[in-house]
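A.B. asks: These came from Swiss-Prot, pasted as-is:
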type    : residues               : note
BINDING : Cys15, Cys51, Cys85    : [4Fe-4S] cluster 1 binding site
BINDING : Cys157, Cys161, Cys164 : [4Fe-4S] cluster 2 binding site
DOMAIN  : 6-122                  : domain 'MTTase N-terminal'
DOMAIN  : 143-380                : domain 'Radical SAM core'
DOMAIN  : 383-447                : domain 'TRAM'
Amino acid sequence: MTTSNRRYHITTFGCQMNKADSERMAGILEDMGFKFSEDPNNADLILYNTCTIRDNAEQKVYSYLGRQAKRKHEQPDLTLVVAGCVAQQEGEALLRRVPELDLVMGPQHANRLKDLLESVFAGNQVVATEAVHIMEDITQARRDSTVTAWVNVIYGCNERCTYCVVPNVRGVEQSRTPAAVRAEMEELGRQGYKEITLLGQNIDAYGRDLPGATPEGRHLHTFTDLLYYVHDVPGVERIRFATSHPRYFTERLIKACAELPKVCEHFHIPFQSGDNQLLKAMARGYTQEKYRRIIDTIRRYMPDASISADAIVGFPGETEEQFENTLKLVDDIGFDQLNTAAYSPRPGTPAALWENQLSEEVKSDRLQRLNHLVNVKAAERSQRYMGRIEEVLVEEQNPKDQTQVMGRTGGNRLTFFKGDIHELKGQLVMVKINEVRAFSLTGEPIEMRQALPI
């Protein structure tokens, strides 16, 4: 089947890993001759890259699918693809539920999209969910931004948190080689990208599956070593990373972040609960005391560092006292941002089978109370920016005010100021902050710093 005049549309649900996968799959489709369509109803191939972390995200996928499945009866040459974690979890059951589907593919198969589609175009209905070694992707991704980019450094997760479906759907940990990561970053630097976020479901596990050991007995390749190896890539001005696991977060990594000028002083370290009994039930492998020590160590080396995290309320058996321990941790630490969620039972996880599930009313009440505290603490944290001069990397026009541009500080605070996006996009601008809100800032531009060649 010729693809030169065909159009594609990708809808992405879920995490940054999914967004990075979608960019790679878009690059493969364009390499095959497909053109991007903003409107899914004008596309000849529709791909849903799905998330199964929470039930509402999964149900949204089925809602979208239902509309396009009806359309396929009127347009038989429409190609329907479900990728990502729902595809991995459901496999052939998806075909029984939505027989109009052409391709069901798990996240490990993202780089194999061309081969899988060629089988579809040969007349086959394809399910690709078997465990595979992830191939290096030589196709240039179609990036959603021209300023910032994601680079995967490790796929999969070997943890077995009792609430989490990720290891079931993303497979075991597979680290890319340091050379492969640096090569991709160097290409992005040549293309003009200024900020790169290194991605992993559990990024601190990087290198555990790679061969070799140091004379001291540690793994030859660790995430800390990777940061030292890639921090001087020409053209790249900022490096971020996510997501960290408290169980493996080391002082050596913190020291590296403090020493390396391109690494942003922003850490995303989920704690999930502030209660030790619940952390044990979740199989997280640390205590709230250890988590507090990590944050204390970060702030000892980098007093102004921004801290963000994830938290779950309403985990099976959570008592009011245990929930209040979470509130106390949030109140004591003062996060710059906290992603919160009510516990959602996921198929194939131990916690989903436990009998001590909480009511939706209790979960909703606790989520509301936690979110209120999060907003209060974030507003308090924002006060430190008032009157300061912050370096902002300009990314886009403010969609709500065409006279303003927007970007992020090194600490990941969204910042708005007057300016022309055509002049400033991709530039580092010194901005004096004159207005602060819980999760964003506004200021006046002071000067622009051109990115210096190395």
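Glycine is treated like the rest: Cβ placed from N, Cα and C.
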A.B. asks: Compare the C-alpha of Cys51 ([4Fe-4S] cluster 1 binding site) with the C-alpha of each of the binding-site residues Cys157, Cys161, Cys164, and give the closest one.
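C.D. replies: Answer for the nearest of the binding-site residues: Cys164.
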A.B. asks: Might you list, by sequence position, any residue in that chain lying six or more from Cys164 ([4Fe-4S] cluster 2 binding site) with a Cβ less than 8 Å away from its Cβ?
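C.D. replies: Listed in sequence order: Ile53, Arg346, Thr349.
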A.B. asks: Cα-Cα, whole number of Å: Cys15 ([4Fe-4S] cluster 1 binding site) versus Cys157 ([4Fe-4S] cluster 2 binding site)?
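C.D. replies: Cys15 ([4Fe-4S] cluster 1 binding site) to Cys157 ([4Fe-4S] cluster 2 binding site), Cα-Cα distance: 14 Å.
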A.B. asks: Which residues, in sequence order, are found in the same chain with Cβ within 8 Å of the centroid defined by the Cβ atoms of Cys157, Cys161, Cys164 at the [4Fe-4S] cluster 2 site, excluding those residues themselves?
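C.D. replies: So the extra residues in range turn out to be Glu159, Arg160, Tyr163, Val165, Val166, Pro167, Gln201, Asn202.
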A.B. asks: Using Cβ-Cβ distances, find the residues under 8 Å from Cys85 ([4Fe-4S] cluster 1 binding site) that belong to the same chain and are at least 6 apart in sequence, listing them in sequence order.
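C.D. replies: Correct list: Gly14, Asn18, Thr50, Cys51, Thr52, Ile53, Gly106, Pro107, Val165, Val166, Val169, Arg170.
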A.B. asks: Any same-chain residues 6+ apart from Cys161 ([4Fe-4S] cluster 2 binding site) with CB under 8 Å of its CB? Would you list them in sequence order, or say none?
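C.D. replies: Counting only residues 6 or more apart in sequence, the Cβ neighbours of Cys161 ([4Fe-4S] cluster 2 binding site) under 8 Å are Gln272, Met282, Ala283, Arg284.
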A.B. asks: Non-local Cβ contacts of Cys157 ([4Fe-4S] cluster 2 binding site) (under 8 Å, 6 or more apart, same chain)?
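C.D. replies: Long-range Cβ contacts: Val166, Pro167, Arg170, Val172, Glu173, Gln201, Asn202, Ala205.
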A.B. asks: Starting from the Cβ of Cys51 ([4Fe-4S] cluster 1 binding site), draw a 10 Å sphere and report how many other Cβ atoms land inside it.
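C.D. replies: For Cys51 ([4Fe-4S] cluster 1 binding site), the 10 Å Cβ neighbour count is 22.
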A.B. asks: Would you list the DSSP helix, strand and coil counts for the residues of the domain 'MTTase N-terminal' (6-122)?
C.D. replies: 66 helix, 23 strand, 28 coil
